[in-house]
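Features reported for this protein in Swiss-Prot:
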SIGNAL    1-18  signal peptide
CARBOHYD  ASN21  N-linked glycosylation site
CARBOHYD  ASN44  N-linked glycosylation site
CARBOHYD  ASN85  N-linked glycosylation site
CARBOHYD  ASN122  N-linked glycosylation site
CARBOHYD  ASN140  N-linked glycosylation site
CARBOHYD  ASN234  N-linked glycosylation site
ACT_SITE  ASP307  active site
CARBOHYD  ASN437  N-linked glycosylation site
CARBOHYD  ASN474  N-linked glycosylation site
CARBOHYD  ASN515  N-linked glycosylation site
CARBOHYD  ASN611  N-linked glycosylation site
CARBOHYD  ASN676  N-linked glycosylation site
CARBOHYD  ASN698  N-linked glycosylation site
Amino acid sequence: MRSLISVAVLSALPTAFSQANTSYTDYNVEANPDLFPLCLQHLNASFPDCASGPLSLTPVCDRSLSPKDRATALVSLFTFDELVNNTGNTGLGVSRLGLPNYQVWGEALHGVGRANFVESGNFSWATSFPMPITMMAALNKTLIHQIGTIVSTQLRAFSNAGLGGVDVYSPNINTFRHPVWGRGQETPGEDAFLTSVYGYEYITALQGGVDPETLKIIATAKHYAGYDIESWNNHSRLGNDMQITQQELSEYYTPPFIVASRDAKVRSVMCSYNAVNGVPSCANKFFLQTLLRDTFEFSEDGYVSGDCGAVYNVWNPHGYASNEAAASADSILAGTDIDCGTSYQWHSEDAFEDSLVSRSDIERGVIRLYSNLVQAGYFDGEDAPYRDITWDDVLSTDAWNIAYEAAVEGIVLLKNDETLPLSKDIKSVAVIGPWANVTEELQGNYFGPAPYLISPLTGFRDSGLDVHYALGTNLTSHSTSGFEEALTAAKQADAIIFAGGIDNTIEAEAMDRENITWPGNQLDLISKLSELGKPLVVLQMGGGQVDSSSLKDNDNVNALIWGGYPGQSGGHALADIITGKRAPAGRLVTTQYPAEYAEVFPAIDMNLRPNETSGNPGQTYMWYTGTPVYEFGHGLFYTTFEESTETTDAGSFNIQTVLTTPHSGYEHAQQKTLLNFTATVKNTGERESDYTALVYVNTTAGPAPYPKKWVVGFDRLGGLEPGDSQTLTVPVTVESVARTDEQGNRVLYPGSYELALNNERSVVVKFELKGEEAVILSWPEDTTSDFVSSIDGGLDRKQDVIA
């Protein structure tokens with residue numbers, strides 16, 4: 001018998017299993033999944049009644065039992081149809097038991113993003129913070145944690161009001177490898193260490209700590225793994241098969257997921273659309289069991305959710321399975337517990353009837369989901385922790401103004417000839433360009449309604465300056481019809497602010513950029529404005545970098561600022577930086593490459609190391625052999641700083657001694673601090689400013705080739721007045737100085753190492769590792785990349801399922 005959910009929807013919806021091959025969408029090219037309404041549905045959320053409802057006499061309501069035992073008891077009560085109905089992100093619940101439906105799909109990338117917002121009044125908005133790419137540029141761990149804490153509080157308020165669940169598909173902890181990637185804006189940048197720390201802080205803030213007794217919000221680390229291309233050159237994310245060496249999987253693509261699982265104790269992980277080395281991520285037992293659970297220590301009770309439609313994609317377009325039922329079976333057995341989509345709900349019964357999966361196989365994932373809902377207090381009534389959070393808490397946390405602080409701290413000053421901050425003699429400004437008067441664009445993507453959105457134009461008007469506004473040109477326009485109005489406005493002002501760059505019409509989910517140049521004729525208009533002989537400040541907005549070399553080289557462009565996606569208070573933050581009310585201290589967390597970088601080798605080449613044969617010049621700041629326009633870690637101040645240290649030689653450390661010394665407070669010896677990088681930072685200029693620090697390591701220990709350097713720590717010092725000094729102390733962990741061999745093992749190699757402060761290397765501290773090399777993470781052998789599915793009777797991995 002077809003499951004109840006199928007009976008309910010078959011008459012209303014087209015189904016994949018009823019379509020002929022000729023009607024299939026070619027998802028090798030199309031990057032947007034065609035999700036059924038059931039998957040996309042917003043539900044009226046409610047909590048189970050454990051006081052007097054049918055569930056009240058069942059073990060799921062017994063708080064003396066463990067979350068897993070409670071969940072197991074609940075799922076054991078389901079009929080087979082009821083079980084299947086709760087395998088998708090839109091779970092139908094079980095009405096006869098009083099178990100309400102539940103929507104797993106929530107969003108909290110930089111604020112509450114997918115709740116059931118009402119039209120006006122209470123619960124019509126939530127705080128909209130800067131995008132993660134801008135957050136991370138602040139280099140402030142405390143700020144990231146604050147934001148995550150506020151977001152989790154606001155999520156709980158919506159949940160308690162019946163407007164959302166207690167889990168989210170956030171954060172995105174993929175690394176921003178290639179500059180054309182449309183979703184790089186959602187990430188903390190191109191560095192795996194920074195991404196790992198960001199993930200740790202955001203996850204533990206969302207969840208209410210490291211493995212708390214009661215989960216505040218269930219976080220989901222996504223997209224696991226090797227996912228960083230949307231649609232480049234018609235290579236769809238839904239069908240991409242990314243070829244990645246075990247060395248670089250271990251070294252670059254998975255460390256954020258190790259930290260999320262082992263250290264932050266994240267309770268959910270999302271497997272990605274793409275395949276890696278021939279195996280779709282959601283059907284990859286090596287990824288989901290051998291690595292994630294056995295090696296990365298992801299909780300046995302944590303659940304894996306497929307990206308939305310990714311289980312279906314195991315069949316179409318990957319061709320790894322012969323049909324959608326086999327794709328469901330492959331994914332269930334590999335370890336994908338919940339299907340964001342409808343494949344499990346519509347086809348796991350077929351898989352069961354064909355003896356591809358057992359009831360217990362299907363139960364495992366549903367038990368894991370409900371185990372986490374139990375731990376989040378979902379079944380524990382109004383006296384459960386966090387159930388007292390209300391709309392008043394949304395109002396109070398928004399009033400903390402952290403969205404403004406995050407925008408200010410994430411702004412990066414790329415170029416300045418002392419034009420900034422603007423002189424007090426400047427009384428009027430012309431605000432020109434396609435980003436000048438935007439509002440919603442400030443939010444990037446995955447956002448909900450904000451309480452307000454302050455455009456750059458409004459920000460300058462609120463600063464007290466006399467403002468002249470002209471659009472000038474649109475982002476992608478080649479028309480010069482607005483140039484004259486822009487030039488007229490500029491001539492009337494003492495200084496010119498051009499706000500442009502890119503936005504989510506150019507970089508987005510399912511849409512990579514074709515190039516990394518400034519789109520349209522924005523540079524032409526900037527060039528004409530630069531000929532007027534007035535102070536000219538350019539705001540480069542958007543998540544991904546564009547080649548601003550012409551602006552860097554133009555002496556008449558006096559200052560250049562990267563603002564990213566600064567959120568609801570972005571306009572005030574930008575204006576306050578430019579007028580000098582606040583001082584910039586952000587640093588780029590991506591490399592700004594010259595335009596030709598995006599043209600000389602395929603964006604789907606996942607190899608970081610340079611390769612003359614393929615034309616790959618090396619990817620990320622660690623391996624790039626060319627000259628960037630602006631380096632990763634670049635960022636200027638309004639003041640000057642002097643950095644010094646008492647010693648430039650930290651001595652030597654015996655590897656075996658380090659690893660065998662007791663490590664109280666750490667689960668593994670490699671997590672402990674090897675040494676503290678310490679420097680005195682003095683403000684030698686005339687303006688108060690924060691100071692940001694990146695600490696790099698470099699070495700020729702271990703296998704060649706050698707990365708130029710890599711990040712091992714960072715910090716932000718606040719509010720240094722002129723003449724003041726502060727001590728910078730950055731812990732450097734044992735595992736952060738390890739390298740990766742060709743098999744993927746993380747190894748401590750004996751040899752000489754240097755720690756350097758920022759790109760300028762203003763402080764350099766040497767140390768030496770002695771003794772025998774030692775493996776601190778053994779990378780298991782991947783036996784699945786050449787795996788031929790026994791479920792499918794030995795079919796080839798990549799079938800031609802598209803007509």
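Even glycines carry a Cβ here, placed using N, Cα and C.
This view paints the features noted in Swiss-Prot onto the structure.
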| residue | record | DSSP class |
| --- | --- | --- |
| ASN44 | N-linked glycosylation site | coil |
| ASN140 | N-linked glycosylation site | coil |
| ASN234 | N-linked glycosylation site | helix |
| ASP307 | active site | coil |
| ASN437 | N-linked glycosylation site | coil |
| ASN474 | N-linked glycosylation site | coil |
| ASN515 | N-linked glycosylation site | coil |
| ASN611 | N-linked glycosylation site | strand |
| ASN676 | N-linked glycosylation site | strand |
| ASN698 | N-linked glycosylation site | strand |
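Taking each Cβ in turn and tallying the other Cβ atoms within 10 Å, the top scorer among the glycosylation sites ASN85, ASN122, ASN234, ASN698 is ASN85. Here the candidates are the recorded positions ASN85, ASP307, ASN611, ASN698, and by Cα distance the one nearest ASN234 (N-linked glycosylation site) turns out to be ASP307. Cα distances from ASN611 (N-linked glycosylation site) to the recorded positions ASN44, ASN122, ASN140, ASP307, ASN515 are smallest for ASN515. Around the Cβ of ASN474 (N-linked glycosylation site), a 10 Å sphere holds 17 further Cβ atoms from the protein chains shown. Neighbour list (ASN44 (N-linked glycosylation site), Cβ cut-off 8 Å, at least 6 residues apart, same chain): ASN116, GLY162.
Comparing the glycosylation sites ASN140, ASN437, ASN515, ASN611, ASN676 by how many other C-beta atoms lie within 10 angstroms of each C-beta, the top residue is ASN140. For the residue listed as 'active site', the same-chain residues lying six or more positions away in sequence with a CB closer than 8 A to its CB are LYS222, HIS223, MET270, CYS271, SER272, TYR273, CYS282, CYS340.
DSSP assigns ASN122 (N-linked glycosylation site) to coil in the three-state reduction, placing it in neither a helix nor a strand.
Cα of ASN676 (N-linked glycosylation site) to Cα of ASN85 (N-linked glycosylation site): a distance of 53 Å. Nearest to ASN474 (N-linked glycosylation site) in space, judged by Cα atoms and limited to the glycosylation sites ASN85, ASN122, ASN437, ASN698, is ASN437. For ASN122 (N-linked glycosylation site), the spatially nearest entry among the glycosylation sites ASN85, ASN140, ASN437, ASN698 is ASN437, judged by CA separation. ASN85 (N-linked glycosylation site) sits 53 Å from ASN698 (N-linked glycosylation site), taking the C-alpha atoms as the reference points. Between the C-alpha atoms of ASN515 (N-linked glycosylation site) and ASN437 (N-linked glycosylation site), the distance comes to 25 Å. Note: the Cα of ASN698 (N-linked glycosylation site) and the Cα of ASN437 (N-linked glycosylation site) are spaced 44 Å from each other. The separation of ASN437 (N-linked glycosylation site) from ASN140 (N-linked glycosylation site), Cα to Cα, is 29 Å.
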